[in-house]
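The following features are taken from Swiss-Prot:
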ACT_SITE  Y49  active site, proton donor
BINDING   H111  substrate binding site
MOD_RES   A2  N-acetylalanine
SITE      K78  site 'Lowers pKa of active site Tyr'
Amino acid sequence: MASHLVLYTGAKMPILGLGTWKSPPGKVTEAVKVAIDLGYRHIDCAHVYQNENEVGLGLQEKLQGQVVKREDLFIVSKLWCTDHEKNLVKGACQTTLRDLKLDYLDLYLIHWPTGFKPGKDPFPLDGDGNVVPDESDFVETWEAMEELVDEGLVKAIGVSNFNHLQVEKILNKPGLKYKPAVNQIEVHPYLTQEKLIEYCKSKGIVVTAYSPLGSPDRPWAKPEDPSLLEDPRIKAIAAKYNKTTAQVLIRFPMQRNLIVIPKSVTPERIAENFQVFDFELSPEDMNTLLSYNRNWRVCALMSCASHKDYPFHEEY
């Protein structure tokens, strides 16, 4: 199993990264330090997670202590929906860089295709609980992203939560300067995403799988929701390999040639999630896990379902 996938830019992106969505600010600095000490070199961040400053403290300590060199780290962040208007993109990126205490990002993604009304509120809602859109078009947002590459603020740019028609719209943009290097999407055995993954690969776009464990700590979880970590069928596969269910769920996307970014702030779990390079799921077990697809999403962003750029009305 390769430890990296190569982006079309030639950059090597570590196949396993530390996710930081829902990592509490008080715990994420330590999580980042532990992860780097354990060998993680890829950290996945976003402005909307409201913890980039604390992630940055962990990075800064390890860089200043010369535990790791900047060029050996792969740091990803994301442009939030309230900053899609072209004149806001650079400032948003600079805020993230300042918080992370870095002078460049390895990869910067448009977090969602949906633009929201600019302002301090990350989810501006109207009286009916629907998100208030902005006037932006993500193709124009993309042009501002391209400028960040030219200015040296970011090494590569990509998208997240885009369906294949939305990716296609960027690829077909007249005068496109840089195509998306990555599409970061939700992928796990209940949402296997075969069609979208196949489409991205056919265009030379690397796919990052988020919520590989089904994000059991998501704030909107309901008791009746399915649980990947508690699924007896997946537990049985894990037992066969002498591995935990989480390790099988992390290995599964890796063997599909996807990047994967499990989140944890618990040192033991951060270590456990990295112990996935010493076993291989059989083709039969891979197919079995794929067969559990039920098109179940952790992140459906239902408050945006009426937005013109909502990505999940399409099949893929």
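Including glycine, each Cβ sits where the backbone N, Cα and C put it.
Quantities reported herein were computed from a predicted structural model and do not represent experimental measurements.
Structure coloured by features recorded in Swiss-Prot.
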residue: A2; record: N-acetylalanine; contacts (Cβ under 8 Å, 6+ apart): I15
residue: Y49; record: active site, proton donor; contacts (Cβ under 8 Å, 6+ apart): T20, W21, K22, S23
residue: K78; record: site 'Lowers pKa of active site Tyr'; contacts (Cβ under 8 Å, 6+ apart): C45, A46, H47, V48, Y108, L109, I110, H111, S160, Q184
Number of Cβ atoms other than its own within 10 Å, given for H111 (substrate binding site): 21
